[in-house]
Each structure stands twice: as structure tokens, then as C-alpha cells.
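Feature annotations, courtesy of TrEMBL:
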type	residues	note
DOMAIN	95-152	domain 'CTLH'
REPEAT	268-302	repeat 'WD'
REPEAT	313-354	repeat 'WD'
REPEAT	367-389	repeat 'WD'
REPEAT	501-524	repeat 'WD'
REPEAT	525-567	repeat 'WD'
Amino acid sequence: MGRAEDDEPPPKRVKVSSRKLGDLSKSTLLTDPVSCSLNDLMARPLVCQGDDEVVGAKGVVKKVEFVRIIAEALYSLGYNKAGALLEEESGIPLQSALVKLFMQQILGGKWDESVATLHKIGLMDEKIVKLASFEILEQKFFELLDGKNVMDALKTLRTELGPLCINNDRVRELSLCILAPSQQVLAGMSGQDVVRPKSRTKLLEELQKLLPPTVIIREQRLVHLVEQALDLQLDACRFHNSLVGEMSLLTDHQCGRDQIPSRTLQILQDHSDEVWFLQFSHDGKYLASSAADCLVIIWEVKLDGLFCVKHRFSGHQKPVSYISWSPDDHQLLTCGVEEVVRRWDVESGECIHIYEKNGLGLISCGWAPDGNRILCGVTDRSISMWDLEGKELECWKGHRTIRISDLGITSDGKHVVSVCKDNMILLFGWESKAEKVILEDQTITSFVLSTDNKYLLVSLWNQEIHLWDIEGTAKLISKYNGHKRSRFVVRSCFGGLNQAFIASGSEDSQVYIWHISSGELVETLAGHSGTVNCVSWNPADPHMLASASDDHTIRIWGLNQVKMKHDDTVSNGVHYCNGGT
């Protein structure tokens, strides 16, 4: 394995049921009389004791809000008596008397009265009042039209909906119903059935979403908060790497270290020289590896998790530094060091085509998302695009790439990612011609795109790995360190469940694994006897990791102990955790 020269790396590294709003008349809507005058019901704070009182050790949960969302949860679960009793005993109503009246009027179809009550609720945002009024009056329009009261519907459209000056396109659509009431056409803007009115319960649900939550509690708010808490627990769990079986509300979720692949399951020894690169297929059924022995090997992942050789590809005259799977995993591109790119059929093992440029060498390769074009980095610092038969479709000249064998193409096909200078990554749109750069303080040795195209993982000369958010303006969001790199290029990768981890090779013969969100180093894997050059996480099995080393071997890493969900069996690499430690 050669040393780096100057500042450029060597070539090798080269459900809860929904709330029944129709039952409101049997519960909260009748707990207070509605015979009092509207002036008495004018918007005012909910009258209840201890408005400023808080519950919980941190003093951030307001008792009034807490009780109200509990009451809403009881009603949504169908426990109307319990909900009404909670309101009575606590003295904290779920809704104000004015809001209850408003809801009754909506369900009762008293449209003019409900609009008048809406104005009395005391909403500060006049736009919300107009939007809510439009929803109510549109329902009035529909019901009049449905009842063959065409003239009254026309009057509502002209004198009530139109003057609101809200959604004029929708008003024009509604006018078509007056001109051709028998046509059941769909509204192009809203996607609603223009003629048929919605149910009043559905209308009330939509108004609940429109009005501020301080006025009407959102449906199933407590369930939503609990689900948020569970999601936060999963995100905070630094070892979470399995599909969730069952999560209990009675205990906090926490996975153990045994969810991280840390035991060598198999050692693959078919290469006769340093193994430089490896990559799993998108479906996780194959692993491709390349080495300084100029050989490419396709390994098949059997159902029992063991690997066996499917094909040995020979033909390259120089060590193979880069591999790229086609989008459908049926073909493979391999790139020799400043040599040619070969396209192979994975099933037959045949070399289908060789791509080359006269007098120049190719240093990287990748697929367009449609699988019908390939892109290659060239030693003259350009990037070329070919069709599958080898016709060059386009060539972007200039400082588009340097002699680093990483090339990224976003899955939407809009951007190509390359290292254009020692410390600069270029993202350019081959159609839009727009360019965006990421500037680092150190020399870049390698990079990899996340599968969702949102993040870029950049390995640097100074033994750091940087995580960039590349949506919109590129932002550096995290740094990872601990691994060793002083002479060679070692590659990193995303992996694990939902790509929640980062793994990297290292010159100290170990594999390093970090939790992507916290940045915590969660595991180091010892076993190799030479520099670990590349790592690849199986995208279909979060518990399978492969590493390639200068010791001529590939190690397959798995779990120390798998806790199976059913009958102590594992199927198709899918494992479950139950939140236990």
C-alpha cells in the first residue's frame, strides 16, 4: 500500500378511533345551557381555577391545558361520562360556552348564527375569521343547492361568499354549479366534489384544524403528544437499530449495545491482495468487492446470512478502485485506476461493454437514475456521460473532478456530486446548470451521499468526518472523529436502520461506528490485521456490515446476540427490538 504524495491521496483510496363529533350533543355540548345571551358568552378566557398552576417536576405543563387535552382524549375514546365528570370535578371546561354554542350551531346547520358566533369568539387574526366564514357559507351554499333552493344559493354566493374576497377561484367554480347544477364535476383547485355537500361533522373537523388550538383543542391531541414522545425516545436511543415490535408507555424505550453489528460472522479470503473497495447491492442480496489484485468478486448473500462467490470478474489491467451498482442491481460498473470502466451483467458474469477515452484514464463511475446512462470522472478533470452503448452524450470540462474516485448522482437525476478541488465539493445540475459548492478547511479524501440525497458524508485528511445537509444552502451539521488516518484514504458510509449510524474504516485496523444524531462513538470493531479501507452497510439488513482491509480479507459483521420476536427465528434479515435494555 503506497504512501500519499503531496496533498493528494493515493489512487486506491482513490390507532385510536377518531372522535365522534356527532356525539358532542350527548356530551360537552349539553353540559352548559345555551339559553344565555351571546353578550354573556362573548370571548373571554376560560373561567377556571388555577390558570397559572403547573404540574410536573419541570414546571412547564400548565394544569388547565393538561386537563383539557385529557378531557378531549376521554371524549375521543367514547368515554363521554368520564369526560363530563372530569370537566365538572376540575372546574376546567374542555371548550368555552361560546365555542360549544358555535359547534352546536354547525352541527345543527344554523349557518348565519354560527358565523355571528364565530365573530364573537374573539379571534385576533381576521384572515382566519374570513377563512372559517368561507367554509361555513360554502357548506350553506351546497346544502341550499342540494335542496333545490337555487335562488337562495345564488344569493349566498353573491352577497355572502363573494364579498369575503377569499379564494376567488373557488367562487368561480361554485358559480358553475348555478349554471349547470346537474353536472357532477370535480374542482380543479381543491379536489372536492363541487356539487355534493360534505357532512356537517366533516365541516366541524376542518374548522377545528383552521381555528387556533387555544379556541378548539385539536382532535386526539394527547395521542399525538404521546406519539411524539415515543418518536423522540427512538431518536435519542443511541443503539436503536431494529424495527420496533411493541413500545410500552409504562417504561422508557432503550436498546442495548447488542443491536449494533460487532461480531465477525464470516471472513472472506478470496482476494490475493489489498481489498480496496466494496459495496452492497441496493436490495442487499449481493456484495461486490475489488482489490489491488485487479479482481472484482460478486458475493451472494444466502438466506442463512452466509456469503458465497457468485462471480469473479477479471479483465482490468490495473487495480480496481471503484464499483457502482445499477439502479435495478442487474448490472455493475467497475473502474480500474486511471484505466477503463467495465459494465458487467450480474446474472451471467459477462462483460457487456468497456468505456474509455483515447489518451485519458477514467477514475470514477456512476449510474443515472434511469439506468440508461453512465457518468465517469476523467483524468483531465472532466466528467463524461455515455449511453449504455458507449456513445458520449455530454462532457463537462474544467475543474469538475480531481483524481479521487468518488462520484455521486442524486436519485432524482438532477445533480452530480464530485470533488473539484482538494478542499471543495461541487454539486451541479446537468440540466439546470446551477452549481453549489461545499468548502472544507482540509483536503477531502472521500465522500458518500445518503440514500435520500439530503446529506453528504465527507472524510478529511485531518482524521475528521463531516456531515453536511445539502438541501437548499449546504450546512455543516456534525463532525465525527476517533478513527485513525495519516497516510491512506479510508472510506466511510451511512447505515443501520433509517441510516441512523455512520461507519468508517481506519488505519489502526478497526471499524468505527458513530450514532449520527448524537455524534457519539458507539462501537469499535477489532479483527482485521491491516488498514480497513472501506466499509459498507447492508441496506436491507441493519445488522449486517462488511469491511475491506489491506490484510486481503473482507469481514462480515453481525450481532453478538439477536433477540428474536417470534420463536427465536430471523427472516430475511428483519429483526425486532422491544425496547428492553
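Note: Cβ is positioned from N, Cα and C throughout, glycine not excepted.
All TrEMBL annotations are machine predictions without curation.
What you see is a predicted model, and the numbers here were worked out from it, not measured in a lab.
Tertiary neighbourhood of the repeat 'WD' (313-354): same-chain residues 11-14, 273, 276-279, 281-283, 285-286, 288-298, 361-367, 369-371, 374, 376, 379, 388-390, 403, 405-407, selected by CB-CB distance under 8 Å and a gap of 6+ residues from either end. Confidence in the repeat 'WD' (367-389), given as mean pLDDT, stands at 93. Sequence-distant contacts of the repeat 'WD' (501-524) (same chain, six or more residues past either end, CB-CB distance under 8 Å): 235-236, 238-239, 241, 257, 260, 262, 457, 459, 465, 467, 478-480, 482-488, 490-495, 530-535, 537, 545, 547-549, 551, 557.
Sequence-distant neighbours of the repeat 'WD' (268-302) (same chain, 6+ residues past either end, Cβ-Cβ under 8 Å): 1, 12-13, 308-314, 316-325, 327, 329, 332, 334, 336, 344, 346, 349, 491, 530, 533-541, 544, 546-550, 552-556, 573.
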